[in-house]
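S.K.: The structure under discussion is supplied below as structure tokens; questions concerning it will follow.
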Amino acid sequence: MAIKVPSMELHRPAPLLSGGRGKTCLQKKPFLVQAKRLGGLEKASTRGAQESGQPKKRAPLIRGTVSPPLPVPGNIPRPPYVGTKDVPQIAKEIQMHDKESIVHMKAACELAARVLEYAGTLVKPSVTTDEIDKAVHKMIIDAGAYPSPLGYGGFPKSVCTSVNECMCHGIPDSRELQDGDIINIDVTVYLNGYHGDTSKTFLCGEVDEASKRLVKVTEECLLRGISTCKHGTSFKKIGRRISEHAERHGLGVVECFVGHGVGRVFHSEPIIYHQRNNKPGQMVEGQTFTIEPILSMGSTDCDMWDDGWTAVTTDGSLAAQFEHTILITRTGAEILTKC
């Protein structure tokens, strides 16, 4: 689940950035991305963009009816922010892990990954985002975990569902998914005192080629950002790698939402900017944080709905997002939220 940075944190022209039973993960071994430079990146051109076509015209996203928050059994531990409507401050602590806490982080992240994988199977035309929320909620509490978004700063649902031009933090409601929609589902779970955070953009029905390309390139940007990570690497390399790949494909990186440290605390330092920046700081072995770029076909500026959460592109352009929680190692980064 991304966090929004104040406008004074943004520096131009170098943009700065930054949320029944499911199937089990097929891959149980750690998924490692070694920190080495990728070669042979695709070159985007105007002709390539034309060949991808234009996204089909869609009606603007309209909110539906939001049902009441779902109950959580009393025996399931809550994060400390539950019960207040204030958005918690970003913790200044850098969340470091020893062998024992890494075990807990991996368990929370594995559950989040399985929940997200299951949620993706529900994405079909005529299904409502509220139905997805209910299914996700049940899977999380059945596992003895708490859905981290529920009650975070008053957020009323257990998962974020961001459709089409919604950049992030969409609130599940009664709107039915339409054939050709794209939807980001952002899952965070709180298990045994640790948060695992991940998101993915899914295709609903028959999606046009331009929208598929947006989704594909956004996922590639995430993986390229992760590929830079290892002990001692500057955080700013993440934004540079993401920006380079997005620009090759004529896409913009949204500036106002960032990745973040995650662990016992939902949102903490370090702040992860997803495009070129000169922010200081280096990665340290044992750190966990999210990388979660949002790319747009058009404007990278956002309008906020009066619900205080839903962020949409100012011009109605489609946006896509992908997110992983990663653990910094001596030689690379381990993706903890990989199924």
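Cβ coordinates come from backbone N, Cα and C, glycine included.
Found this in TrEMBL, in case it helps:
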- 42-82: region 'Disordered' (REGION)
- 68-80: compositional bias 'Pro residues' (COMPBIAS)
- 104-329: domain 'Peptidase M24' (DOMAIN)
- His169, His267: substrate binding site (BINDING)
- Asp186, Asp197, Glu323: divalent metal cation 1 binding site (BINDING)
- Asp197, His260, Glu292, Glu323: divalent metal cation 2 binding site (BINDING)
S.K.: Starting from His267 (substrate binding site), work out which of the binding-site residues listed here (Asp186, His260, Glu292, Glu323) have their Cα within 10 Å, and give them in sequence order.
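M.R.: Those near His267 (substrate binding site) - Cα within 10 Å - are His260, in sequence order.
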S.K.: Take the C-alpha atoms of Glu292 (divalent metal cation 2 binding site) and Glu323 (divalent metal cation 1 binding site) and report the distance between them in angstrom, rounded.
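M.R.: About 4 Å separates the two Cα atoms.
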S.K.: Just to be sure I understand the packing, how many Cβ atoms besides its own are within 10 Å of the Cβ of Glu323 (divalent metal cation 1 binding site)?
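M.R.: Summing over all protein chains shown, Glu323 (divalent metal cation 1 binding site) has 28 other Cβ atoms within 10 Å.
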S.K.: Is it possible to get the count of other C-beta atoms within 10 angstroms of the C-beta of Glu292 (divalent metal cation 2 binding site)?
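M.R.: Counting Cβ neighbours of Glu292 (divalent metal cation 2 binding site) within 10 Å gives 30.
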S.K.: Which one is it: of the binding-site residues Asp186, Asp197, which Cβ has the fewest other Cβ atoms within 10 Å in this structure?
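M.R.: Per-residue Cβ counts within 10 Å for the binding-site residues Asp186, Asp197 bottom out at Asp186.
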S.K.: What mean pLDDT score does the domain 'Peptidase M24' (104-329) have in the model?
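M.R.: Averaged over the domain 'Peptidase M24' (104-329), the predicted model reaches a pLDDT of 97.
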S.K.: Rounded to the nearest Å, what's the C-alpha distance separating Asp197 (divalent metal cation 1 binding site) and His260 (divalent metal cation 2 binding site)? Just drop the number here, would you?
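M.R.: Roughly 10 Å, rounded to the nearest whole number.
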S.K.: At the Cα level, what's the spacing in Å between Asp186 (divalent metal cation 1 binding site) and His169 (substrate binding site), rounded?
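M.R.: On Cα coordinates alone, these residues lie 8 Å apart.
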S.K.: State the count of C-beta atoms found within 10 angstroms of the C-beta of His267 (substrate binding site), not counting that atom itself.
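M.R.: Excluding its own Cβ, the number within 10 Å is 25.
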S.K.: In whole Å, note down how far the CA of His260 (divalent metal cation 2 binding site) lies from the CA of Glu323 (divalent metal cation 1 binding site).
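M.R.: Spelling it out, the Cα of Glu323 (divalent metal cation 1 binding site) and the Cα of His260 (divalent metal cation 2 binding site) are 11 Å apart.
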